[in-house]
Amino acid sequence: EFILLGFSSNPTLRLCLFGVFSLLYSATLMGNALVFVLICLDCRLHSPMYFFLCHLSIVDICYASNNVPHMLRNLLGQGRTISFAGCGTQIHLYLIFALTECVLLAVMSYDRYVAICHPLRYALIMNRRVCLTLAAVSWAFGFLFGTLQASLALHLPFCGPCEVDHFFCEILAVLKLACTDTTANKVLIFAVCVCFLLFPLALILISYLHILATILRIRSAAGWHKTFSTCGSHLTVVGLFYGNAIFMYMGPGSGNSSGREKVLSLFYSLVSPSLNPLIYSLRNKQVKEALLKLQRRK
């Protein structure tokens with residue numbers, strides 16, 4: 001088994017962190033579950049944009065639930081140890097959901113590009129079959145490459161110290177404990193980051209350059225406001241998600257600073273999943289109307 005060192009050993013600070021992280025985790029579960037339920041129940045939200053938002057909510061719930069419950073137990077002093085199988089499961093699921101979200105955000109930017117730049121052909125281009133295919137490809141890529149990285153990491157020999165300087169089994173933190181050369185694993189991680197971070201980010205930027213060019217031709221103030229509101233929220237999430245991921249896995253000294261890894265992993269596990277429902281959906285007029293309709297029905 002491994003020992004997760006987690007955060008500070010100060011009992012008072014650990015209790016404060018437990019309270020803050022519990023609130024963020026509760027907000028993540030309730031916010032994303034609410035978005036999922038509203039999209040499923042309200043027929044007005046059965047459009048490609050909300051279809052992908054529904055998948056993003058599922059990813060965020062699963063991603064947070066993979067890491068946070070064990071972290072909360074750790075903060076209470078009850079869950080510092082984790083079995084090798086449990087650690088492998090955390091690594092595997094962490095990679096699957098993170099890589100799936102990378103592809104899913106790129107797919108969502110393409111959806112916005114088609115909606116704004118080709119509005120008359122939007123229903124034809126983003127038909128049900130295309131949406132299902134894009135969602136399936138996102139999950140399939142995440143599963144395949146996440147499984148590949150996790151299997152290679154877990155086949156390494158671990159014969160030295162068993163203390164993971166993290167609050168969950170993050171792959172870079174676990175690789176430090178291997179008693180063999182991990183250069184091949186780090187090269188693979190870098191290659192996957194190029195494919196799942198830089199390439200999708202380039203596609204997103206290209207999509208939004210076309211969107212910006214289209215916006216500049218809009219003369220209606222209402223059209224400007226609606227377009228900037230929708231795309232601005234997406235760009236906010238994209239900038240935070242990809243920026244932190246690139247800094248963590250591709251920046252100078254990546255994998256060497258445990259403190260930086262913990263802070264960035266907290267963003268992925270708690271901050272981003274809790275903000276996504278608010279940024280993407282709950283500020284949206286259609287979602288607000290669906291929520292009011294659900295309250296009236298109750």
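Placed from the backbone N, Cα and C atoms, the Cβ positions cover glycine too.
What TrEMBL says about this protein:
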DOMAIN    31-280  domain 'G-protein coupled receptors family 1 profile'
TRANSMEM  12-41  transmembrane segment
TRANSMEM  48-66  transmembrane segment
TRANSMEM  91-110  transmembrane segment
TRANSMEM  130-148  transmembrane segment
TRANSMEM  187-216  transmembrane segment
TRANSMEM  228-251  transmembrane segment
TRANSMEM  263-282  transmembrane segment
Interface check, the transmembrane segment (187-216) with the transmembrane segment (91-110), three or more C-beta pairs under 8 A: yes
Any contact, the transmembrane segment (130-148) to the transmembrane segment (263-282), with at least 3 Cβ pairs under 8 A: no
